[in-house]
Amino acid sequence: MSKLKSTLGIVAIAFITLTTVSCKDGKKEQNTVDGDHSEMSADEDHSKMNHENSDGHSDGDRKEMAMSGDGDSELILKDYFNLKDALVADDNAKAKELGATLVTSLGNLDILSNFSDTQKSELKDIIEDAVEHAEHISESDIDHQREHFKILSKDVTDMVAITGSESTLYQQFCPMYDGGSAWLSMSKDIKNPYYGSKMLDCGRVQNEIN
């Protein structure tokens, strides 16, 4: 029994140390910053988000995108990173503008060439979902923008898994926001889009995408 207590004590100390390293002062901020966020992971059913109550935009309004333009994934990434930077800066108005810009670049993605039929089908689903969340970002307050950015980030990551990227990307992770949330960056430096100035450096590099 004494050995079990000793082992549990070591595990508890290790967990506390890891949490402290991940997000300095995160525990103090979480009660005031993150108290209203639901426990929805990026892999859960997106329909659980109550869009009617948040910004009046129903999930039923999801559009079928042609996706037969001449745009490429690099332009989508550029617009995504600009949107991320606006959220890092707590700039609601700029994020709305960039959400609308991202809707356009997503809709212009050319999926008719250079991809297999399976990849085309997967990209179509990914882009349609990403457009939905970019549209919500273009219409919402900053708290809801960040909720939609979490799912948008997963969509963009899934897109890059198919299209690739000209540059090395870094998948970064914040353990404090909404049960844990990821985003993409072009830099290893942590600039948290979910908390902005309140916990700017909360997070870590989770994966390097070449």
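These residue numbers are counts, starting from 1, taken along the chain as shown.
Keep in mind that glycine also has a Cβ here, set from the backbone N, Cα and C atoms.
Just so you know, TrEMBL annotations are computer predictions that nobody has curated.
Taken from TrEMBL as is:
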COMPBIAS  27-65  compositional bias 'Basic and acidic residues'
DOMAIN    76-167  domain 'DUF3347'
REGION    27-68  region 'Disordered'
The domain 'DUF3347' (76-167), counted residue by residue under DSSP: helix, strand, coil: 72 helix, 2 strand, 18 coil
Overall pLDDT of the domain 'DUF3347' (76-167), taken as the mean: 96
